[in-house]
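Undergrad: Quick paste from Swiss-Prot:
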- 1-21: region 'Disordered' (REGION)
- 226: active site, nucleophile (ACT_SITE)
- 399: active site (ACT_SITE)
- 401: active site (ACT_SITE)
């Protein structure tokens, strides 16, 4: 198996040399190395904050922008209610071909230049897409700029009328309707581990914090919980779509939205709380409270908690390799053969060593264009985001690195206030070029029925570039048939730290 872990000689040679002189010197050098890595991470974060300008859409090119399988463009020619089948042929040439089962809607809006435009939104139905749209269908990614970056920075982007950055209003409405989980503060204490090794598993910053303070536990996940929050976001949106449908938007069916938000309150009584992620991570994944999670540990927590809490959504995880086995999947989605249950597929993968290998870029982009898409939890090195949209080679994400007061647990979810719900949504776009993504990630897909399953299988197979997901009939672990012999050579291992997985943290 190809491994991203450096060889033992390369990684420990200096320690062996110095340890013959002084063990204390080894510890000091190890601390210095960890400190240097932390300084580099904080420096990158500082630069990202300074130049984290809102992206602006190039209205002249009007390239489609996608959000979890729905495509949006500005269209100055059309306005009105959802298009009839006879109107589908009038869609812009930039939008991939549609059939009569596709749903399109237009929205009139006054953009930031005062020009009245309409936005065309196209959501592909579960049965209308046998293969993911490719880069060639959407225009050349290499020759046309997809979006530009504005010269201002504001956390209140697009909140005022007309300040939409040139993006289709329907796209912003869709983006804002995605559930967004972030750092929280002042929640019920998560006790520190009494294991002597727990401290060494923490990041350098957390070690400093816990060493020089009388910290008996964690009442905030700032600095270590971003991968858990990204995983919560992915799970929350899967539950949202399974219950309310892909067309749900903010402001409709508030009670149903509150029921879902309550599942993720920052309290041990909430089924999918940070507390329960940490609890399961400690018992089953070897993750200490305050330690960064990686994609693999996050996927295992989601699967275990979903199985235990009976949310109406089933979860199938591929483990550390991106191979989906149909017999194992069906054992989760339809175990008794009496009825298919909505099932979330979680694919853990690593698409390179330090950055994503270019041969996988088209296939990765297509995962956000599939109608079954639930997004990607991953991001920059040691910094996880939740990716839900794409335009060209720019991916749009929800950033969990924004501390907010703890989301309270309520016995009656109808008691949540509008202000509390607002903390779980944002209209502020952030983008990252695919070449800047960390190669370790967790990809989610929601399969609603068997037709959806058949469509998804074909879609992940027929992609531009090299496929990042394989679907095989039988799981070798179940004693039937054999796995793909080439899978071991194709996939980079997820192991890159001492715990067997890359940790995406602060």
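Placement of Cβ uses the backbone N, Cα and C atoms for every residue, glycine included.
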Undergrad: Check the DSSP secondary structure of residue 226 (active site, nucleophile), expressed as helix, strand or coil.
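TA: DSSP assigns residue 226 (active site, nucleophile) to helix.
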Undergrad: Within a 10 Å radius around the Cβ, which one of these active-site residues has the most neighbouring Cβ atoms: 226, 399, 401?
TA: 226
Undergrad: In whole Å, note down how far the CA of residue 226 (active site, nucleophile) lies from the CA of residue 401 (active site).
TA: 7
Undergrad: For the C-alpha pair, I'd like the distance in angstrom between residue 226 (active site, nucleophile) and residue 399 (active site), rounded off.
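TA: Roughly 9 Å, rounded to the nearest whole number.
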